Amino acid sequence: LVPPKIPDGERLDFDDIHRKRMEKDLNELQALIEAHFESRKKEEEELLSLKDRIEKRRAERAEQQRIRSEREKERQARMAEERARKEEEEARKKAEEEARKKKAFSNMLHFGGYMQKSEKKGGKKQTEREKKKKILSERRKPLNIDHLNEDKLRDKAKELWQTIRDLEAEKFDLQEKFKRQKYEVGT
């Protein structure tokens, strides 16, 4: 067996080749490690940026919710104020109307002669009208259905329908009776 012949021009140093290969591998490994740490640093920065954006968004949402609730409270307060103002206005108008009626009534009592008789006639009509209003207000019951459930509402609707039906039947009977009486008087 004959060992391979190495050309004379170049002497190869295996240690030198091995060292160069080790340096190359080391450089590649360092480059990979640096690239890994660079990408990890970028990911951490992105994560921090994302957390900051989430916190910022949370704060914005909380602020918007607070503003919305403040506006809602203001709107409720305005509505309550408007309601109170309307009720006050209605009460004032009622009081003025009552005062006007009392004044007219007292003027009617203190006024003499022909005007007293003519106003008395008008006053009588007014009292009849007042009687009618009083009777109707006594008959008409307030409809309180806010607390009723669906079944009770249905029963209440049936009851009201029956009442309307009875009243319409009574009205029809009275009209027919009036027509007959009118006919009998005419003949």
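Cβ coordinates come from backbone N, Cα and C, glycine included.
Copied over from TrEMBL, here are the features:
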type	residues	note
COILED	150-184	coiled coil
COMPBIAS	41-100	compositional bias 'Basic and acidic residues'
COMPBIAS	117-143	compositional bias 'Basic and acidic residues'
REGION	41-143	region 'Disordered'
Study note, to complete from the structure: For the compositional bias 'Basic and acidic residues' (41-100), the DSSP residue counts stand at 60 helix, 0 strand, 0 coil
Revision key, fill the gap. Model confidence for the coiled coil (150-184), as mean pLDDT, reads 92
